[in-house]
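**Q** Okay, here's the structure, questions in a sec.
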Amino acid sequence: MDFLSITGGEKLQGSVSVSGAKNAALPLISATLLAKNEACLKNLPDVVDIKTLLSLLEMLGAKVQRIDPHTVKVNSSEILSTKATYDIVRKMRASILVLGPLLSRFGKCEVSLPGGCAIGARPVDLHLKAMEKMGAIVEIKGGYIVANAPKGLKGATIAFDKITVTGTENVVMAAALAKGVTKILNAAQEPEVVQLCEVLQAAGVEIKGIGSNELEIVGQEGEALEFKEVEVIPDRIEAGTYLCAGAMTNSSIRLERVVPEHLSAVTQKLEEIGFGIEYGENHLTLLPASKRRAFEIITTEYPGFPTDMQAQFMALATQCEGASIIEERLFENRFMHVSELQRLGAGIHLRGNTATVNGGTKLLCADVMATDLRASSALVLAALAAEGTTNIHRIYHLDRGYERLEEKLRALGAVIERGRE
């Protein structure tokens, strides 16, 4: 099993190119199950989760041609199976995204209950209720979601009790081939959802309200789609993580290949802390702060502050003057990085879903263990500012979502090596 060894205290400088967004690529790969032609996806991040989902599609019978590490062609015209088995799905919760397209196109599917990051309950009930509303018969049998719609799915009004990104994406894909009009109320507005809608729209599906919390999809009545070539949007969470790396070490770094408006919640918070930000059309530059001030964060749905940046900003809070308050409203059990940050010397007090971080802390090296994808990135950030050499274990979590992390950080001047234990 690999680990990262990081010697802290080095200033960072230079530029880093942001990879394609994993959370945009996963629904787009799933959506190729709706295509009658060969679909070409570009700017895919070269990370484990993408490889896992492509392997799942191959298991279903899709032909996957890997042109290069960031480009694939997927042909789903001859799917042999509609069963997504446990041995693949257990590795990644996002595998649930094949539910909507399989059910919509083939009228049946079996999807193992998903795995992935252990960060609390993310019930798939919202997905299942939506499919039932669209006419599917859904049961849980032997750890599998078994769904059947022998007469096809029909349009319906889906009002989500709470905003769900993957739930919105699943319903959008299911609605694409359904009969009639589907309305989604309280829809997620994330850029990744927007890109999925735009790709389906380019493939011939009429969708109104893209980017809003109310979507209207006119189904194609079972007619498979003609996909155009797709370039995956840049990863706003990876971009935010590198901005935090610069902020942790109070350095100046430049990000290439970003969409600045996708990062507004993050960049506004960094400016509030005291950093300067120079904005370009598709690039950003972080400028050092004369003083790093404490801050408050409440995680919420886009366009609010993203839960996927909560752990990174908790690491940053250790280097700010005063007490920062971080409230996690989206997921339970998403403070598993706290105990590991405390091993490095962070002063963090937890009460329910709120963490108080006493800043100005001198972090000292230690052996720490990654518990999930974003928590592991917080440990990397903390190690960049810690005195001495920190070893981060179980970094397979990082490899699920960050492409060539150590190479990119090393290019910025970080002292970081990957080892095997």
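The backbone N, Cα and C atoms fix where each Cβ goes, glycine too.
So Swiss-Prot says this about it:
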ACT_SITE  CYS117  active site, proton donor
BINDING   LYS22, ASN23  phosphoenolpyruvate binding site
BINDING   ARG93, ARG122, PRO123, VAL124, ASP125, LEU126, ASP308, LEU330  UDP-N-acetyl-alpha-D-glucosamine binding site
MOD_RES   CYS117  2-(S-cysteinyl)pyruvic acid O-phosphothioketal
**Q** How big is the gap, in Å, between the Cα of ASN23 (phosphoenolpyruvate binding site) and that of LEU126 (UDP-N-acetyl-alpha-D-glucosamine binding site), rounded to a whole number?
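**A** Each residue's Cα considered, ASN23 (phosphoenolpyruvate binding site) and LEU126 (UDP-N-acetyl-alpha-D-glucosamine binding site) end up 19 Å apart.
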**Q** Per DSSP, ASN23 (phosphoenolpyruvate binding site) is which: helix, strand or coil?
**A** helix
**Q** Sorted by position, what residues of the same chain at least six away from LYS22 (phosphoenolpyruvate binding site) have a C-beta under 8 A from it?
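**A** For LYS22 (phosphoenolpyruvate binding site), the qualifying residues are PRO45, VAL47, ASP49, ILE50, ASP235, GLY401.
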**Q** Here the binding-site residues are ASP125, ASP308; which one has the lowest number of other Cβ atoms no more than 10 Å from its Cβ?
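**A** Per-residue Cβ counts within 10 Å for the binding-site residues ASP125, ASP308 bottom out at ASP125.
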